[in-house]
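Novice: What follows is a single structure, and I will ask about it in a moment.
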Amino acid sequence: MSTTQPTSASPNPPANARLASHPHGAPSSAAGKHPAPPCTLVIFGAGGDLTKRLLMPALYNLAVDGLLDDGMKIIGVNHGEHETGQWREGLHDALQKFAADKASTFHAGKLDDHAWNWVAQRLHYMAGEFEDDDTYQRLAQQLGGDAQGNVVFYLAVGARFFKPIVERLGKAGLLKQDANGGGPFRRVVIEKPFGADLASARDLNQHILSFADESQIYRIDHFLGKDTVQSILAIRFANAMFEPIWRREYIDSVQITASEVIGVEGRGRFYEQTGAFRDMVPNHLFQLLCMVAMEPPNSFDAEAVRNKKAEVFDAIKPLTPGDVVFGQYGTGPAGVAYRDEPDVAKDSQTPTYAAARVHVDNWRWAGVPFYLRTGKRLAARHTEISVQLRRVPFRLFRDTPVDALTPNVLTLRIDPTHGTSFDFNVKTPGPVMQIGAVQSSFDYDDFFTEQANIGYETLLYDCMLGDQTLFQRADSIETAWAAVDGVLHPGDGAAVRVQAYAAGSEGPAEAEALLAQDGRAWRALTPGEPKKS
Ligand code: BG6
């Protein structure tokens, strides 16, 4: 989200430069943007899924857009005795596969050879154990000694490696940069999960910040890289029609859904320890909540935006076990039970579904519940935010055949469709006053030729530019975990029970009951069809 313009690099767009999908301003071509400054990107976890599925496609897209400097270098560090040629080939095959897969978020079409070769020439593999000091000495040599050149260290590794890697980078002098920010930069990108609760997140922050400054740390939440998520601020603040009604006087409630059709996809080991609530709620879903709830910042400056978000986290009323419902999928129309997935315990109590009622206790939002839900193996894939307005008074219609007025709902669709829909009421044609509920819908695809990016392009590019707007600050990470700590560590006997739901359904019945307590109901995941429970 930076407005900063790098100065040091000359553009070198590979052939076939497509239109840029970066969120600044109206549809613009890559020609209007500058490449990031020259830097070396060191990826720890070069052989992992994240590198293959998200980082490489994003780097390829950035290369196609001409947003990487000619002096860019990418060093992949991983345990395992591969070599550069093998690594490149594996990545090339993976990219080709994703490009051919219509369901993939990598909308590259046919892979452009020129762009791929541009990236491939810059890829270098380095075998090394993450917890071995020798790895860091060799890395230092590859980087040309202490503090030479810009470097971004990307931790695409399991959370248990965050501390040891940052510590060794620090001790090897690889995080040293000019205190006044003048010389080459050293930055560290850290994936989620950032901690597993408040205590571990605090501990992780403390540890990392003893080797690097907060300004060097880029904590990723990939939802913030999505154009449709960044667009929430544009929708709210670049239009006159929303802001006046964006408050408790007019809004009844907000529903935030991230439902998935897929199961744990071979990530049983990770998921058993994490579960749906930790995996999605205090990070991705809270970030969406923040985009809806934050006050307008005075600029897109990183601190201006992050301060406003911090205020929202701070105003979240701590959740109690009574505010959440956990579920776990059993066998159903969509497949086998979670407990029958590989690397999952037969008596697992790990939630694959979580619903929560959240209150933001400030002047704008007091009394407006935010209902959050997420789950795997549900009836449909939707990431969306629905803002339901209050009911209008019925007095005018009392002497007409109209028996009910449905409330207006503004839905911001984030994935897999991208756009907004607005539900409102009109008079149906004919001599009698009757009301019909209609919907007006906008789809990005109908207006813009650019494909939505896969999220990591913006985040990588912003990190190379030094723009932290879309990254999470230490204090906000901790306030988010603090808000859910009462659910993760409830008092004796208050632990949240995990309710069963059938794979392919709308989730557990108890989640319906959570909203029914408040006289509300979840929006159907498959509208028009009877709810599958
Ligand atoms: C990840 C979670 O952070 O986000 C996954 O670990 C989840 O479990 C994924 O599937 C969802 O992201 P997206 O962009 O596919 O909606």
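Cβ coordinates are placed from backbone N, Cα and C, and glycine is handled just like the others.
Quick paste from TrEMBL:
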type	residues	note
COMPBIAS	1-32	compositional bias 'Low complexity'
REGION	1-33	region 'Disordered'
DOMAIN	42-230	domain 'Glucose-6-phosphate dehydrogenase NAD-binding'
BINDING	His222, Lys226, Glu260, Asp279, Lys376	substrate binding site
DOMAIN	233-523	domain 'Glucose-6-phosphate dehydrogenase C-terminal'
ACT_SITE	His284	active site, proton acceptor
Novice: Between His222 (substrate binding site) and His284 (active site, proton acceptor), find the distance joining the two CA atoms and give it rounded to the nearest Å.
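Specialist: Here the two Cα atoms are 8 Å apart.
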Novice: So, three-state DSSP: helix, strand or coil for Lys226 (substrate binding site)?
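Specialist: Lys226 (substrate binding site) sits in coil per DSSP, no helix or strand.
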Novice: Among Lys226, Asp279, Lys376, the binding-site residues in the record, which have a C-beta under 6 A from ligand 1?
Specialist: Asp279
Novice: Nearest to His284 (active site, proton acceptor) in three-dimensional space, by Cα, is which of the binding-site residues Lys226, Glu260, Lys376?
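Specialist: Closest by Cα: Lys226.
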Novice: Across all chains shown, how many C-beta atoms besides its own are within 10 angstroms of the C-beta of His222 (substrate binding site)?
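Specialist: Looking across every protein chain shown, the total is 21.
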Novice: Would you work out the biggest C-alpha to C-alpha distance among His222, Lys226, Glu260, Asp279, Lys376, the residues that bind substrate according to the record, and give it in angstrom as a whole number?
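Specialist: Roughly 20 Å, rounded to the nearest whole number.
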